[in-house]
Structure formats: C-alpha cells, structure tokens
Amino acid sequence: MKQTGFIYGGDYNPEQWLDTPEILKQDIEYMKAAHINEVTLGVFSWSALEPQEGVYEFKWLRNIIDNLYENGISVILSTPSGARPKWLADSYPEVLRVNADRTNNLFGGRHNHCYTSPVYREAIYKIDRKLSEQFGNHPAVTIWHISNELGGDCHCPLCQKAFRQWIEKKYGTIEALNKAWNTAFWSHTYPSFEQVESPSPRGEQELHGLNLDWKRFVTDQTADFVSWEKKAIWEGGSELPVTINMMYDYKGLNYHKFKDLIDFASWDSYPTWHKEEEKETALDTALQHDFMRSILKKPFLLMESCPTATNWQSVSKLKRPGMLGAASLQAVAHGADSVQYFQIRQSRGASEKFHGAVIDHYGGMDTRVFEEVTGVGSQLLELSEIAGSTVRARAAILHDCESRWAMEDSQGPRNKDLHYMDVLKKIFHGLRKLGLDVDILDMEEELKGYDLVFAPMLYMFRCDIETKIRNFVAKGGTFVMTYWSGIVNENDLCHLGGTPHQLMEVFGLRSTELDALYEGERNSGKSTGAFFEKEKRYECRNFCNLIRTDSAETLLSFETDFYEGYPAFARNSYEKGKAYYICADFEESFYDDLCLKLVEEKGLLKVPFDIPEGVAVTSRENPLKKFLFIQNFRKDKFLVNLRNTEWKLLMGDDTGVIGQYGTAVYWTVNQEERA
Amino acid sequence: MKQTGFIYGGDYNPEQWLDTPEILKQDIEYMKAAHINEVTLGVFSWSALEPQEGVYEFKWLRNIIDNLYENGISVILSTPSGARPKWLADSYPEVLRVNADRTNNLFGGRHNHCYTSPVYREAIYKIDRKLSEQFGNHPAVTIWHISNELGGDCHCPLCQKAFRQWIEKKYGTIEALNKAWNTAFWSHTYPSFEQVESPSPRGEQELHGLNLDWKRFVTDQTADFVSWEKKAIWEGGSELPVTINMMYDYKGLNYHKFKDLIDFASWDSYPTWHKEEEKETALDTALQHDFMRSILKKPFLLMESCPTATNWQSVSKLKRPGMLGAASLQAVAHGADSVQYFQIRQSRGASEKFHGAVIDHYGGMDTRVFEEVTGVGSQLLELSEIAGSTVRARAAILHDCESRWAMEDSQGPRNKDLHYMDVLKKIFHGLRKLGLDVDILDMEEELKGYDLVFAPMLYMFRCDIETKIRNFVAKGGTFVMTYWSGIVNENDLCHLGGTPHQLMEVFGLRSTELDALYEGERNSGKSTGAFFEKEKRYECRNFCNLIRTDSAETLLSFETDFYEGYPAFARNSYEKGKAYYICADFEESFYDDLCLKLVEEKGLLKVPFDIPEGVAVTSRENPLKKFLFIQNFRKDKFLVNLRNTEWKLLMGDDTGVIGQYGTAVYWTVNQEERA
Amino acid sequence: MKQTGFIYGGDYNPEQWLDTPEILKQDIEYMKAAHINEVTLGVFSWSALEPQEGVYEFKWLRNIIDNLYENGISVILSTPSGARPKWLADSYPEVLRVNADRTNNLFGGRHNHCYTSPVYREAIYKIDRKLSEQFGNHPAVTIWHISNELGGDCHCPLCQKAFRQWIEKKYGTIEALNKAWNTAFWSHTYPSFEQVESPSPRGEQELHGLNLDWKRFVTDQTADFVSWEKKAIWEGGSELPVTINMMYDYKGLNYHKFKDLIDFASWDSYPTWHKEEEKETALDTALQHDFMRSILKKPFLLMESCPTATNWQSVSKLKRPGMLGAASLQAVAHGADSVQYFQIRQSRGASEKFHGAVIDHYGGMDTRVFEEVTGVGSQLLELSEIAGSTVRARAAILHDCESRWAMEDSQGPRNKDLHYMDVLKKIFHGLRKLGLDVDILDMEEELKGYDLVFAPMLYMFRCDIETKIRNFVAKGGTFVMTYWSGIVNENDLCHLGGTPHQLMEVFGLRSTELDALYEGERNSGKSTGAFFEKEKRYECRNFCNLIRTDSAETLLSFETDFYEGYPAFARNSYEKGKAYYICADFEESFYDDLCLKLVEEKGLLKVPFDIPEGVAVTSRENPLKKFLFIQNFRKDKFLVNLRNTEWKLLMGDDTGVIGQYGTAVYWTVNQEERA
Ligand SMILES: [Zn+2]
Ligand SMILES: [Zn+2]
Ligand SMILES: [Zn+2]
C-alpha cells in the first residue's frame, strides 16, 4: 500500500474489543470521517497472538488488517517485545529483569525483560518471524515498529557475562581496563575480567569509568536486541522499513547508536501544553523534534501524541481549542512525515484508561476532540506535497550523549545541578528566535557543511573532536564553546597539561579554575566594547570559569568577586575562522544578542521580517520547492507580510493574519537546488 | 458489672509494673480520685500471659482484675493479637508478614503478623480461648476488644493462595477475571487463577482491578481473622459484646465491612489540637466522630485519646487548660458513650515513654493534667443520663471506601492531588455550621430516611447506587453530586455511553470533558440568578467539568477559559425531587450558601439562633429526652440565649455564657418520640 | 626522622602514578618548593601492596619512602583497612558488610568491611604486620594512621553473635536486659540472649534500649578492630605513635571511647567556606577543633583539609585568596600541630578526581592554589616554636555522645527537630566571642578544674553525673543547665519521682511539663531585674519548660500562653556555687548576655580589648610562653592595639592591622607556669 502525503493515525488496540465487533466496525467509520489513513497495531498484543507457548492466533489480526485495507487504512505493525505474556515469565523466569540492587523483578509493567536472555530472544524471534510471515507482505502493512519505547537495564547473570565479554573486547587486557578506569583509586584494582560486576547501589557506584562503560554496554546490548528482531523479520520474509519509537530527552540510551539500524527515526511527544506559556513549551518541543530529525537527517515520524489531556502527568490539562493543530503541525514544520496519536480508542480499564484518545468512553463523534482531530486531518491533506521534504540547517549544536553521561555522573563543581540543558536551550532558543533551523549533533559526526557550531559544556572530548573543531575553525567556521569543555577523555580520565584539551591554541587561552555559585549568587560580565556595545552587562550564575588568555581578546570581563576584571567572554581568530569561549552561565539575553551578531555576520538570516517572541519560523525543502512554516504560539494574532517577496501562500489566511495557535505555510521555488 | 452512665478510663499496662506493687496499689487510688470507672487491659500482654509456648500465667492478671473490681472499676479486656511474643516468631517464622516487595519481616513492631497463617490462628485461638475461660465471666469484665488498631497487609505464600481462592470464588472463570481487569492492556492476560500474584513494586502495580480486589481481599481476610478471634472467645464461654478500635481516616481497611462483626464501633482519636485554629480541628474531628458513629448508627466508644501531648507527632504540644474537656465532651456530643485515654500510667521505656498519660513519670496527683482528667470525670457524672442516647441525622454524605480506593489508585486527571476529602469536608462543614447532624454513608446503605444527600466525587457506582439515587430523587429527596462521579463500575472499568452512568436523565445533563487546573490556576462560576443572587460569583480550582445540559437549568456559569459561559452548577427537577450537579471545586462559601439554601428549603434548621464560626451545635436523643450540646471552640466567649424556648439547662452557666473550650448542655422533652 | 615545628603535608597516592616516574620525581620538587615536610602514604594501597593473596609488593613503596626521606620529607603511614582488594572480597564474601535491612553488600565503595570477621581480621593482621616489619623502623616514618575515617555498622551473623556476647556480658541475665529495655512494652520480652537481633527497618526499630546498646556495641567493636590493627603493628616491631582520622560531628561512633587507643587525635576538616558568612563557618569549625582537641586535651593533627574547592558538596566554591591561610592557621590556633591536605596530587579518574589538590591536572606550579599552599608553608615555619604547646580552658560544655544518641532516637516532644546542636552552638559562640577557650566534655570526665560549665539538653544522666554536678556547684562552680536534662538513666529508662533527676535540690526547682512549639510559634522571657536589666526581653522558640520553683529565684518569666508569668530562667545558690536553669530555647543574644555576665563574674576575661563579631581570639601555651592568636574573619580590616601590654608580636603587621582572612600572633612569658 503506497502512501502519498502524510501518515495520519495512531496506536490502535482492537484486541481489547474483540468481543464487541460493533465497536470495531464503528471505529473504521470514525477513522475515515477523521481522515485517518493509518493505524499502529500489535504494540502490546503478544498474549493475544500467542495465548499459550507455541499456540498462535493470527486470525483476529488478519481480519482487522483486511478490514482496514479495504477501507484505505494502512498499518504500521509492531513487534510485541515491549511486554511479554504471563506464561512466558512463569515458564522462564530468566526473561524478567534483575535490578541494579540485584533483586529480580516479578511479572508486571512493561519494560521488564532481559535483552540478553537466549530464551527471551528465542521467544521473540519466533513470534516476530511468524508476524513477518503472516503480515510482512500484506499490502496494508508499510512499516515495522520494533518493540516500544526501549529503555532500562538488566543486571542478571546473563547480562553480567555479556558485559564482561564487552569490556574484554574493548580493553583486551585487564591492565588496560584498570588504567582506563583508574581503579588504583580506593584500591579497586580488578584481578581479571571475570571479577567485574555491573554498578550497584549495594556495591560499586562511584567508579565513573565502570558506570560509563555500563551505559555504553546497555545501549549496545539494546541495539543488538533490535538487530535480532530485525533478523527475525527479515528471515520471515519482510523487507519493509523499520523504526523504533524514542522518548523525550531520554538518557537511558544513546539514540545515535541506533542510526544504522532504523530506516526512520520516530518519537512519542507529550509536551505539557498550557503549563508554561505556549511559546516556552513550543521551543522545548522544537528542540526535541530537531534532536530526533538530526539522528538520520531526514523526515521522521511523530509516532505518538495525545489528542487532548494525558493521564500520567501530575495535572492533566485539556488541550485548548486549536492547540492540537498547532502541536501537530509543529512536528511537520520540523520535518515529521506523520501525525500519530496514542490512541485511537480509549481503553476501558488499567493504567491508561483516562489517557486522551480520538474516540473516548462516551463513544460518539459529537465531541470537541473528535472535531479537532478531523480538522488536523484536513490540514494534512492540504499540505500533502510537503511530505518527504527535508530540513537543511546551517547552524548546529553539539550534544553528545556519552559526554553528558560522564558529566552528570561525575562528582564535581556543582553536584546540585549543572544546568546543562538550560544552557543548551538558551543557545537553541537564541537561534530559533531568528528563524534558523538547527541540527543537534553528537561527537561522532562531522562539522563540515555548517557555518556556525556551538558546544555548550562539552565535558568529554572523544572521536578526535579536537581535530574536527580545529579544522572547522581553520577553514573559516565560527565555533562557540563554554566553560567545562574538554576536561576528560573518552574514559572520563582527566586530561593533563591544561584545558580545553588540545584547543588552547585555537581559543587562545587556558582554563585555570572553575568557581561554582550558590543558588542566590550572581556575577556579571561587562562589555569591553570589542564585540557587544560598550558598557553592556550580562548577569551570570552557577559557574564562573577563570581563564588565562594568550592570543584571545577579552569581550566581557567579570564585575565582582576576587576575579573581578578577569575575562568572562573571549574571542580568538584562528586561521580563517573564529573561536569564542564563554566563561559563565549567562542570562538568556546574552545568547540572544550573541546569536544575532553571529548570524548576521554569517549572513544566515532567512526571512524579511522581525520575528517576535512566540512566533516560530521553520523551513523544509525538496528539490523543487522550499516551504516556510510560520506558527503563532502567542495569545495575540500575528500579521505576516510577505507580499512582494518570492513566498507564495500554501495554507493560511490571505490577509497574512495568523491567530492564536494558527499556522501559515508559504512556498517558493528552490533556486539553490536548481542552480 | 453493670455500668450506668459513661465509661471513663483507658489503656492500662500493669504488666510493665509487676515488680513495683506499691505503684499498682497507688494507681487504683489515683483512678478513684479521678472518677475513672474502667480500664482496658491486655492490649499487649501476650508475652506476660504466655511466656513460653503453652505455659500460661494468668495469676497476675486475675489479681489486677480482682483489685479493680473491688474498687468499682470495670475492665475492657483485649485479645493480645496486636503483637506476638518473640518465642512465637522464632519458632514459627510464618506468623510474620511478607511485604509487598516480597521481603519477609523480622520480629518487631506491632502489626506484623500474617492473618492467614494457620499457625498464627491456632496460637491466637488458644490464648483467646484461655482468656475467655479465665476472665470471660468475671464480673468486672464488660467488653472484648479484639486485637489493636488492625491494619496492613501480608504477601506471603499463604496469603497469595488465599487471594487466589478469593478471586476464583468471585469471578468463577479466568476469562471473567481477565475481562473485569482488562488485562489485554499491556498483554497481561492471566492463563489461570494460579498465576495471579498480589500487587508489588517489583512486579504489577498499575493493574487497577488487581489493586482494588487485593484491597478488598485484605479487608475480608482481616475481618475473617476478627471472626476467628470471636469464635475463640465464644468457645471459651464468654458472650460479652465485642469491639475493634479503629483509626482516623484509615484507608487500609473498609471499616464498613466489619459492621456485622462488632457490637460497638470504637476509635482512637488524636487530633493535633492547637496546630490549626481550634475550630478547624474541631470540624475535622467531628467528621471522624460522625464517620465512626454512622457505621452502626448507635453510640460508639472513644477507645483512646491523649490527656495532654502525644509523643509521635512532629511537634507535640501540651493541651491548653480546658482543651481536654472540650475534646472529651465533643466525642460525647457526637454520640460516644465513653471517654478513654491512652494511657493511665506512662511507661518508663520504649517508643511511647513520652506519650501523655493520666499519671506521669513524676507520679504525683498534683499535676495540671491529673486535675484536668479529674474535671472531665466530674462532668461525665453530671451528664450520666445522656449515655445510651442516639443521634438522628436527616442529612447524609456518601463516602464509599471502595470508590475512594479506586479513584485514588487510578491515574487520571490530577495525580498530584484530587482534593477529595477537602470537598467532602466543605460539604460537611457547610452542614455542621448550621447545627445539622450528619451521617456518613457508604454505597451499600439505603438513602431513604434522609432529606438531603450529598455525593462528592462518587467516582465508582456500585450496589446499584444509580437506582437508589433515582428513587431517592423521584420520591422527593434533594440529591447533590459533583464532577468525577459515576465514571467506573465496581471493577474500575469505565462506563461507556456517557456519564454520570445511568443518571444523565436524573441530572438532565451529560459530562463531556474534565479539565484539571494547575496549583495557581483559578476559574469562577457566576450566578444566573436562578438559584443564588444574581451576579454572585464563586471561585473554583483543581477541576472544571464541561457538561452538556439537556433538561437541567444552569445556576452558575464559568467565567473564563475556553469554556466561558458553559454551565458550572446545574439543577434538574426529576419527578418529586431535585438533582443538583456541581461542575467545579468551588470555594467554601459556595458550599455554605448552598447548604443554607437547601436546609432552609427542607426546613431542617434546628436552633433558634445564629451559630457563629467556631461554635458547634450537636444533638442526641433517647425516647424521653432530646439533648443539645453547644461547644465553644473560639477564643471569645459565646452567649447563648435559650430562655423562652423548650430547652432547659443540664450543664453549664445559668447566664448562658460559654467560655473558650466551654460546653453547655440543654435538654427538652422528646415530643417526636412521644407522638 | 625527628621533626620540629609543624607537620605540613597531606595524603599522597603515588600508586596511581607508578607508570609515570617523571611525575613522581616532579612531585618531590613541588613539595619542597611549598615547604611540605610530610606525606601520608598507603591510605588505599592494599591492592598495590598485595595484588594477590599472599603476594606482596613493597618495593615501589620503599622507593617512594626512600626518595621522600632523602628529600627531608617524613611519612605518616596508613594501614590499608579502609578499603579491601577485590580478590579478598571475592574469595571471602564474609568480609563485606551486611546492612541493617539484612541485604549483603557487593564489593565497592570504601567502608564496607565486617569488623568482626575473623577472615578480615586475619587478612588485615598480615598486611599490617608486614608493613610494620618493612617500614615501621624506616627513619622517614613517624606515625601510624589506622584505617581511614572509621564508621558504619555490620549486621552479619558474626556481628549478631558478637553483639549477643556483648549484651550477655553487660546484663548477665536476660531478665536484667528485659527490665533495662522495658521489653514488656508491646510484648517484646526476650526469652534468651540467643534471640536478640540487631535493630532493623524490617524488624525492631523502636526499642530504644536495643538501639542504644547496638550503637555502643558498634563503637566497642570498631575500637576493638583498631586495637587489633595496633597489635599487628606492634608485633611487626614498630612502636611509633598511632592516630585515627575522625570526622565532623560524626554520630556513628562515640569518639571518646577511642582515647586510650590513640596517641594523637586527628580529623578531616572540610568546612563549606563562603556558603555562610565566614564568621559563622569559623565558629562552627572552631567548635569541631575544640571537640577534637578535648578528646585527649593535647595537640591534635589536622589530617585532611582541602587546598581549594572540594568535589562532593552540592556546590563546590573556590577558596577565596587568603582563605586557605585563615583556615589552616585556625586549626593551629585551636591546638593543631599539623596542617595536612587531601591531597598532594589530584587523581586522574574515579570519584574524587575533581577534589582540590596541591598539584592539579594542569600540573604546573604557576597556579593560584599552589602559591597559597606555599604561603601557608612559610607561615608555619614562622610559627614553629608554637608546635607542641597546649590549650588550657577554664570553661567547658558537656556534650555526651550516648545522651545524644538516646535523645535523638527517642520519640518525644519534638520529633521534627530538637535543635540540640543549635543550643550548644549558641553557648559555645557566647563564650568564644569573649575570647574564651572552651573544652567539650563527655559525661565520663571530671568537672573539676573548670570555673564555668554548661549542660545544654543533657537528656541522659549517666556516670553519676548527678554527684559530679552537685559537688562542682557545692565547691563554688557555676553550672548552667537547660530544659530536657536529667530525664532518663543510662538505658534510656525515664527517671521516676521528678526531674532533673537528683538535682532538684541543687537547682531549687522541679520540671513539670515541656511544651513544644510549632515552627512559627514564639514566646519570650522578660527580666525580673534580678539578673538581667529590668524589662529586658528575650525571644524563645521550639521548647518552653514549665517548672515549679522551690528555693530558686526567677530571673526571666514567660510572657504569653497559658504559662504566662511562669519562670523561664532561674538561679539557685547551692552551698558555695550557683546553679542556673534555662527553661526555653532562647535567642542568641540571651546566651551572649548570659556568658558575658558569668565570665565577668568569674574574672575569666582574657584580652584588654573588645572583640568584635568575626574576630577570633584563641590561645596556646607551653611552660615558657603564652601565644595569642587573633584572626579576622570579617570583610573589614581590624586594628588590634596591644601596645603597652605584656603581649609582643610574633607574626603579623607591626601596625596592628589585620586584613580580611589575616592572622596576627602575639606572645608573652608564661608567668603562671613560672610561678
Ligand atoms: Zn539480563
Ligand atoms: Zn500472610
Ligand atoms: Zn559483620
């Protein structure tokens, strides 16, 4: 079933309604009324598909899929490994997880399986392969969705053994491991690989090298499990594309390590709309969309979102009229090729029974939510030609999962809170407010192709990022880095001889000390006039980095404390480019002003109007056309004037007025591609 | 030993003082001086009564009881199952509890026994029967007190097995259970009853049907344990009445399920007097008194209370002069036939050594507390004729333990806090401030006999409450219900087809959506003039229920948010009665105004004067007389004027002045009974 | 290696750097440049010294020590029991601890060994004896440092058995134990010693006698372990002095019980400078210095301190310029004979890699911290002659570890917070602000030799402190005691017959009730004019003790609540002395005024100038000279004028000016000693 345009649908659990066929029938009528063209099936269906070991029941699912197909609705089919049947856990307790405290789990919950267990792998292989054989070539089925929201870890003996093999493969000799983890500290030298155990609150917790390698192992083992499921699907005869559904700012896995395994990135987005001002929530969500899109740098899927209030937040608000449209189209504006909900029909019982759904317990179409869902369906039809187009960013931010793991695990200058994501967001917001599309990169990637790259708190240097940064600047790039960067190597061992490691020449300075500030404490940086306007001042908190400049020029200097007069912001020219070093956690306006100056300098401004706070400007393009999304997350309406420009209206009001939660889309010919 | 008048006494632990007979002798002198006529013995005496398995020592207890009897002091005798001897736990570890996380308890604490264990049941049977044989017909002994503050649960293999039998008996087939618990969700279908396990933080926690049935089982198993102890007592030859001492707002057990097992309700009351304003604490305590009285709808016992400061609160304040009297008589005003303390003599060591007592470590009678205790004793003598009289309420509030269990366990619109008890209290206070006596009903009871019934957040509908409410209104009753009512059935499965389930016609409306508000958020309802004065406004928070009215009339409408203008309070006339629906968590004054209007309409006002805040008016009656209690919990004195009315002074000041913490009691002939 | 003057150095871990000999060589050059004359070796070296069971590697350590010796640097040698090798834990799991919840630890962390295990004792005996044989007579080695920061407890079967032997030895019969612990409460009578188990959150937690004896046992068993290590050292042939490094306000051990085992007290001081105002931190640290010095009443060692920011605080601030000197000399001013750091060279990896060090990761001498360290080294050389001198205090405060254990474990009038240390600090500060040296005594010590003794909240009376206090007052001493004193005996059993136990005559009063106040509540005491100026008022909070005075005179009386007019502060003359009783938790100015009056009355004022807040005056003396330290912890400079007095300048500015963080030292001939 070849789809054109956007995928519109969501999770659907007919196995909960098999004894009410009239409801199943009605569901399809409702989907069609709402322009829904897809459902995701099978996410938690293992018990229904294999009610006893080796006894399969595919008929009900075939009926459902056939019916959907006949009604023009495609299927994303999920493997059922996100939860296992009771009989499997009872017959083979090894499939359940062992926690870090070495207690073993009982049956229950969702993410509760050992991804190493051969028994679990065998069981999942069988059901996945069967699913592939049964439905992998069904014309309705378009994509495989592997497991569900992968995460967590297992400390069972099987996983311990796998971890030991993993570290042996990595280090070769136990001496190399002892050196890399600096185990001489506290006399924790390992006599052999066989004696290494995973971190535990009952044992070793503060050996950062061990913690870090454990997290890497968990990611690798989880990825290996996904490979295994893919193998079962392939061997079942299906070659459809594959995705995994990822989560908001999830730190349990390094998602970048999955990029060779999936054909699409997809994620489940549940912003707390109406908690903060919408413009704040919109910026926060924009960052996640960009993070997910950057993994493969191509269109992603919005695999789950909620048509109205969720049921798991501390306070679950209704989505105000129009909010669903704004949130759905925001995903599209950032590169999504789908809008999908959890879920189509609300379940009657158990823990998500009050989670918002397209069809609620009342069960009628005459609901506010159903009308909004239908409206979004119409808009997606209007925008069909945009599906498949990409986002091309010229600015990027380095966010490296492994560096963050190490930094947040280390006991250092501010255990209370590093405010890492706050700084990253201030940079992201500074760029987004100017309408710039931004990629979020990890350290394994290349910097070429970007004009402007930021590195907030890049604590760890790995993958020879030193050379990449040096070359980037040497060739004319503008690179901005903050305090607490270049401190440790890939094993969290501190670099000797001065930091930022191997980049002191590029930045023209050396970091000497890092002062941490208490919650109420403030300092400020005052402009020397060399970059910002003379006398301009920016407040800072949390961190003040003392540096000794060499060739670098001081742009701001600290105003108080014993380091009054020391540089607080510095710039160095290095070959054809410029390297900026930020010494303190400055307020938002610093980043806004900095981004504006650098973006202007680089000529990256995109639209011929000032973008007020709360208005979001984003773009996608295909070889023929460029598309411009303008979304209004403010209370007041916004008037956009693109008359007498190249931009033509694709969706929105002719007058240029965009109301609260409204979206306008413009297009123009893609001159660059043509040239 | 036949007692007339009130029981006055409390817990007494002579087993801690057996080696100081002079103290035991002195205790009796002190009791008599304070007008104490009862002590509760044996609550934690098992080790002293059976120091080794099968070796009994009853002599010390007989001496104590004989002495008490000779001095005119009666005995409530407790079975010792609230704590077990060390030898029992060491010989038979199965008697100790297993926690939800499946760790087994060591010996220690109090409520730490498996109520299923045959060994524990056998051991308690023996000692209970012996106690009954030894003392069950002693003329001093008047009542059996079974165990102590029953509570908690056990997850041992014996309890798992009993639970599996319980669910099998309830559901018959595993298919019925799977349907009732909606186990298809997250693939948690049970293949057989044998595979069900109790909820655990290490396993299943979010299957609400399982959680709910586990709580029901725990209540049933605990009640069965009480039955077992009663059997031992009967078979030992005693037929005295039986009670269990219950606790403040305790949610671990559904106390209503014990009503066929006990002859009196009794409870342990420990308000934090002087923490809030006294009028607040008094209202809160009044609600608990009414809750306890409503279980059997006859006089209850105040089994424990503290003569001065407790030792387990975060800050333990002394009771101010007069407070003890006010608190003690408040229990009587709400229907208690006793005032009892924990404890008569303060223990020298262990965890309650600083808990206030009638006789403290100093050991003299010349203490402020002893004087207050003696004063209360005198007052109870003055009021003797009131003992045995009952409270007759014409207003009631539905508070159903099972509905509350389900509602508070569900993940829904406001996991942070539902404010359920706050709403119930606002209703209770609205009625109490008018001097109305109030019954607190669970859903198994009948509504007939009341004029006015409130149902705050009656999330679950069970016991065909739909029909009871419909009939109540049809026959002329006034029924008031709030948002979040009639949502689920008795297994916590959501009702399909619209809510409030089967009462949409009675209320003339359908609930469509429920918005939850963040902590600082507010909305308000503005009067249409159809009920409250035109332009009257009431603030609301936490919840706003969107409804579609049919025959109902809008009395208030929302003032802000996208549902501005929607109904916020509505009334429907249904046959001979009226049904009111409250859509939001309104402020206290809304409930005050509402109660006043409804009470006036129903002609339920009782006293011919305005009752200011902080003054409590309560009544009891017997076939001959009615009694009116007026208590002053304010700082200022209160002047009551009942001259030229039917009421005559029984206790208090002739001038009608009631000082701070003072109580006046009036009486009149019971015309209704005579008529 | 005979040392004169102060020890200056710190922890040094060359085993982390054995593969970089150039760094080890450079370290010695750096030490010499900074005037460092000592390093502490071996603290966590077990794995390096015995990499496999029975295989010893001492050569690397001999090379290090020889090199240090050749360069004039002495060694404090540590036994390695603070952490154990992996091979030991793997071969003999019994060496790891069992927690109170009866889970057994895995390998990891530091203080994770069973101090009872014969296997662990045997293993530590072997390595300690070898170390003693190898290095115990090396001329560089001067002191043994046993284990590291001893602490924690173990609940393994071996420890349970040892505990049972300990209680059997203490009580003789199980009846005596049952009586002492009041086990009849809650029916917890023990049939035999064999059935006693250590406290556990899974079992018994509220039997205060058990809890208290367990804490005593843990101290005794830990001390026994230290004895055992001393034995190994002696049997290895070394007779050097011994110390253990203690911790800030550590409540896990009663440090006074170690006084017969150690030759010096030493401790690890890590104040959070710059968090509060420096004067506050200085007072708090002064108390700990005095506490440590008071254990043996002779010079102690500052075994660890941080040259700049630590890495384990929630916010780790840099030490401001000069702070290191002020903090280091403060230890000396209070009686330290050393200034030592953790650590000399910063480790590259694991949990303390960001802890401040003399030589940081950068590795140059051109750092601010290295310059400060060098400066402190110079100052210590200037003050050399002071090393070895003592502090002679005439005022003392009773702080008894066992009383505090019992008081803080009991459930009593204010479980939220007793504010015990706050009261003790208010007294300490009142005395220190007058320049008085203060000893901190436990109840086992004698009171004679002091003029003025305070007892804040001396809940437990043991060691016949009643008689000591009575004699102290009878002979002319001034004794000041507060509420909540003399309540229980040494087993936490409440005294009967009135409190303060056996001192009602000395204080001329009896305590009747103790009221606890909520957080916001206040009362106040108003002066009767008999002691403080008439009309003077002091605010109080937390506690108000109601007393009945007999011969005592009321000095302050309560101003509000029902005890308005009751005594709030009273004085009694008893034979030649005076006994003061404080009824409430008064504000700081009360203690300041009280101390001033009592100190003047006793003629204890020491310096001829007023000491402003933030200036600290301290003294040491030897048979020939007295030394006066004046330290300025204020922002502003302080001018001291000692011209025309006996005092001569030893270190500091001729003008008498002491800048922020500055120290001046004066000396005079010790007339008293000569006389
Ligand atoms: Zn595993
Ligand atoms: Zn059980
Ligand atoms: Zn042990």
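Glycine is no exception: its Cβ is also placed from the backbone N, Cα and C atoms.
On the 0 to 100 pLDDT scale, the domain 'Glycoside hydrolase family 42 N-terminal' (B:11-382) averages 97 in the predicted structure. Positions annotated as domain 'Glycoside hydrolase family 42 N-terminal' by TrEMBL: B:11-382.
In the three-state DSSP scheme, B:R110 (substrate binding site) is classed as coil. Among the features that TrEMBL reports, substrate binding site is placed at B:R110, B:N148, B:W312.
What TrEMBL lists as Zn(2+) binding site is B:C114, B:C154, B:C156, B:C159. Around B:C114 (Zn(2+) binding site), the same-chain residues six or more apart in sequence whose CB sits under 8 Å from its CB are B:E94, B:V95, B:L96, B:R97, B:V98, B:Y120, B:C154, B:C156, B:L158, B:C159, listed in sequence order.
Listed in sequence order, the residues of the same chain lying 6 or more apart from B:E149 (active site, proton donor) and placing their CB within less than 8 Å of its CB are B:G82, B:R110, B:H111, B:N245, B:M246, B:M247, B:D268. In this structure, B:E149 (active site, proton donor) belongs to neither helix nor strand by DSSP; it is coil. Summarising the annotation, TrEMBL assigns active site, proton donor to B:E149.
B:E304 (active site, nucleophile) falls within a strand when secondary structure is assigned with DSSP. Annotation for B:E304 (active site, nucleophile): spatial neighbours B:G10, B:D11, B:N245, B:W267, B:D268, B:S269, B:Y270, B:Q340, B:Y341, B:F342, criterion Cβ-Cβ under 8 Å with sequence separation of six or more. The feature active site, nucleophile is assigned by TrEMBL to B:E304.
As annotated by TrEMBL, domain 'Beta-galactosidase trimerisation' applies to B:393-604.
Cβ neighbour count within 10 Å across all protein chains ranks B:C154 highest among the binding-site residues B:C154, B:C156, B:C159. Checking the recorded positions B:R110, B:C114, B:C154, B:C156, B:C159, B:E304 against ligand 2, the ones with a C-beta less than 6 Å from an atom of that molecule are B:C114, B:C154, B:C156, B:C159.
DSSP assigns B:C154 (Zn(2+) binding site) to coil, not to a helix or a strand. Proximity to chain C (Cβ-Cβ under 8 A) holds for B:R110, B:W312 out of the recorded positions B:R110, B:E149, B:C154, B:W312.
The Cβ centroid of B:C114, B:C154, B:C156, B:C159 marks the Zn(2+) site; residues of that chain outside this set whose Cβ lies within 8 Å of it are B:R97, B:V98, B:Y115, B:T116, B:S117, B:D153, B:H155, B:P157, B:L158, B:Q160, given in sequence order. In the structure as shown, the Cβ atom of B:R110 (substrate binding site) sits within 10 Å of 19 other Cβ atoms.
Spatially close to B:N148 (substrate binding site) yet at least six residues away along the chain are B:V43, B:F44, B:S78, B:S81, B:G82, B:A83, B:R110, B:N245, judged by Cβ distances under 8 angstroms. Summarising the environment of B:W312 (substrate binding site), the number of other Cβ atoms within 10 Å of its Cβ, over all protein chains shown, is 14.
Following the DSSP three-state reduction, the secondary structure of B:W312 (substrate binding site) is coil.
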